[in-house]
Amino acid sequence: MTELSHIRNFSIVAHIDHGKSTLADRLIQLTGTVAERDMKAQMLDAMDIERERGITIKANTVRIVYPAKDGETYVLNLIDTPGHVDFAYEVSRSMRAVEGSLLVVDATQGVEAQTLANVYQAIDADHEIVPVLNKIDLPAAEPDRVKEQIEDVIGIDASEAVPISAKTGIGIPDVLEAIVTRLPAPTGDRDAPLKAMLVDSWYDPYLGVVVMIRVMDGMIRKGDQVKMMQTGATYRLDKLAVLTPAMKDIPELGPGEIGVFTASIKQVRDTRVGDTITHEKKPCATPLAGFKPAQPVVFCGLFPVDANDFEALRDAIEKLALNDASFSYEMETSAALGFGFRCGFLGLLHLEVIRDRLEREYDLDLITTAPSVVFKLHMRDGEVRELHNPADMPDPTLIDHITEPRIKATIMVPDEYLGDVLKLCQDRRGIQMDLTYAGSRAMAVYDLPLAEVVFDFYDRLKSVTKGYASFDYQISEYREDHLVKMSILVNDEPVDALSIMVHRDRAESRGRVMVEKLKELIPRHMFKIPIQAAIGSRVIARETLSAMRKDVTAKCYGGDATRKKKLLEKQKAGKKKMRQFGKVEIPQAAFIQALKMDN
Ligand SMILES: Nc1nc2c(ncn2[C@@H]2O[C@H](COP(=O)(O)OP(=O)(O)OP(=O)(O)O)[C@@H](O)[C@H]2O)c(=O)[nH]1
């Protein structure tokens with residue numbers, strides 16, 4: 001056990017690309033935590049997808065042993081936090097497991113959207129914050145200007161910000177000293193009953209479920225019988241270790257320490273992030289505050305392009321779900337798409353990440369249906385039903401009214417983009433609740449329907465503000481509105497995967513945009529194809545895709561056989577991504593494209 005005074009727990013907060021991973025690598029390298037030959041760039045972003053997308057999804061941690069200038073040796077625990085709004089809950093609870101943060105700001109760019117969103121999380125968690133100005137090796141670096149900006153915009157003292165280059169290594173020893181001298185040591189009572197926070201959990205193919213904890217009070221040892229206070233489940237610890245980042249066994253962990261254990265836990269679903277872990281025999285009196293199970297808020301259908309892949313998809317989804325408690329699924333059948341799954345996610349990025357992993361790691365070709373939220377149907381007979389899929393909408397005459405989830409959204413944006421942001425929120429049925437200014441930044445608080453946000457709101461917000469807005473939301477309440485189901489008919493056949501719930505006053509314009517887009521997205525066939533949007537039996541928008549009779553190879557007059565072959569191959573590959581509806585083939589991309597709202 002390490003003495004409390006010799007522990008420092010911290011996270012690194014930064015806007016994307018400001019150098020968080022590079023700095024973490026440097027800290028690990030300089031302290032010799034990983035042998036030079038094992039050092040690979042961006043150690044902490046384990047998964048391929050994280051690397052490619054440059055985002056960190058799972059919170060990672062590493063224990064660094066650092067001999068400081070004062071002659072004492074300190075244990076520094078770094079927790080890596082995810083940076084996207086879909087994972088805001090993961091960020092906020094991992095923040096509560098540490099006492100301080102390094103705020104990394106790119107000295108050539110200055111404070112940006114996520115810098116703000118993330119630093120406010122750190123401030124909320126009462127962190128001591130050490131500003132770090134990165135990339136000072138670049139000629140465009142303006143450390144003084146950025147210092148001033150940190151003080152103006154964030155309102156924290158930046159006079160002692162540490163100038164560094166994570167790339168060349170300048171200033172890294174100063175960062176380590178600042179961690180020891182400026183961040184507070186944790187507090188806790190080793191003689192009190194065990195109270196530990198479940199910070200994260202994941203599935204390891206060799207060890208089974210690994211649980212990461214931060215001990216608040218008491219001691220935890222290998223062989224202990226522990227209890228999860230929320231779920232009530234009890235387990236015996238098989239292994240207790242720290243991450244260096246490789247797992248290293250340790251006999252015990254005391255207050256302020258961070259480590260991992262295994263305990264023959266069958267699935268990650270049995271471990272709830274934020275839960276309190278205590279001893280079964282001598283439990284602590286009260287659990288830690290703020291436990292909140294992650295609730296899926298966005299649902300969509302995932303179907304195999306090739307019906308023969310259904311079993312493979314089931315297998316893959318079950319495996320992924322073992323590793324991700326916030327992802328839910330149930331089997332679904334669709335007239336158009338056959339057998340598949342209705343899946344629930346924390347948000348759109350989460351959806352994309354899961355879909356990508358299924359396609360890549362399990363080599364599956366998937367069709368994704370329109371993301372939707374959970375509506376509540378208040379039936380005339382008094383029953384309240386949840387609607388996860390617009391295709392399951394019952395006869396509207398049986399419904400008294402429908403409620404939908406609303407959110408309280410906070411958007412921070414530089415002045416010059418405010419007009420566009422307000423228009424976007426207005427277009428999405430938003431109600432302005434507050435508008436304030438801090439320096440040259442505005443903060444707008446809106447009450448918005450979640451359904452209008454789940455699809456492409458972030459994308460639109462990013463594009464109208466050139467990436468300079470930060471966005472955060474909380475679900476507020478379910479509220480009644482005039483919602484109707486709109487169906488899309490292609491060649492007079494309803495395509496259930498394209499039906500959506502929409503506000504009555506907006507159905508016509510949404511329907512018009514959708515049929516126009518589908519007309520562009522569906523390739524011409526040998527016959528005329530009507531494309532219609534309808535509410536019940538009433539058609540509200542219609543386009544006709546005219547017939548075509550053309551051999552794709554007709555253009556290749558002359559005897560260029562290879563070119564002809566290539567075209568045919570391309571067409572064949574394209575077919576794989578097509579789906580047959582009656583006589584019509586619809587490309588898979590059309591399902592998502594048609595639903596984008598950028599009219
Ligand atoms: N010139 C220079 N480039 C740097 C420095 N630190 C990081 N970079 C580069 O900046 C880019 C982003 O660095 P990352 O460490 O991946 O940034 P990050 O904040 O971890 O990004 P995400 O993990 O995507 O959030 C990479 O190309 C780095 O090589 C620095 O001090 N100087």
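Here the Cβ of each residue, glycine as well, is placed from N, Cα and C on the backbone.
Remember, TrEMBL labels are computer predictions, not curated facts.
Here is what TrEMBL records for this protein:
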BINDING   ASP17, HIS18, GLY19, LYS20, SER21, THR22, ASN134, LYS135, ILE136, ASP137  GTP binding site
DOMAIN    5-187  domain 'Tr-type G'
- [ ] Scan ASP17, GLY19, SER21, ASN134, ILE136 for binding-site residues whose C-beta lands under 6 Å from an atom of ligand 1 and note them, or write none.
- [x] ASP17, GLY19, SER21, ASN134
- [ ] Compute all pairwise C-alpha distances among ASP17, HIS18, GLY19, LYS20, SER21, THR22, ASN134, LYS135, ILE136, ASP137, the residues listed as binding GTP, and give the largest one in whole angstrom.
- [x] 17
Task: Within the predicted model, mean pLDDT of the domain 'Tr-type G' (5-187) - done: 83
- [ ] Give the residue from the binding-site residues SER21, ASN134 that has the most other Cβ atoms within 10 Å of its Cβ, counting over every protein chain displayed.
- [x] ASN134
